[in-house]
Amino acid sequence: MEDREVTTIEGATGHPAGRAVLAAFESEGAVQCGYCTPGFVMALTGLLGRTPPDRRSPERLLRELQGNLCRCTGYAAIARAVERAGREAP
């Protein structure tokens, strides 16, 4: 990791997409125990940062996040948050 930048969950607010993702997760109630939240937030922040707005379909974003697992929700609130962040992130 020499000469590389690493952003942790605490640094997500420093990125416009990170702020949009955090706001969407809060607005949609996509947090229960909080165990999986950092993984979803960071993965989605990175994904939105490298995906142009016109290519952010909810289906594509959710497909890209399939490796993230949540042990206590039915994913409906997370899916709503992903869709909202995809629309609202710059």
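Note: Cβ is positioned from N, Cα and C throughout, glycine not excepted.
Taken verbatim from TrEMBL:
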- 8-83: domain '[2Fe-2S]-binding' (DOMAIN)
**Asked** Where does the mean pLDDT land for the domain '[2Fe-2S]-binding' (8-83)?
**Response** 95
**Complete:** Grouping DSSP H, G, I as helix and E, B as strand, the residues of the domain '[2Fe-2S]-binding' (8-83) number 50 helix, 0 strand, 26 coil
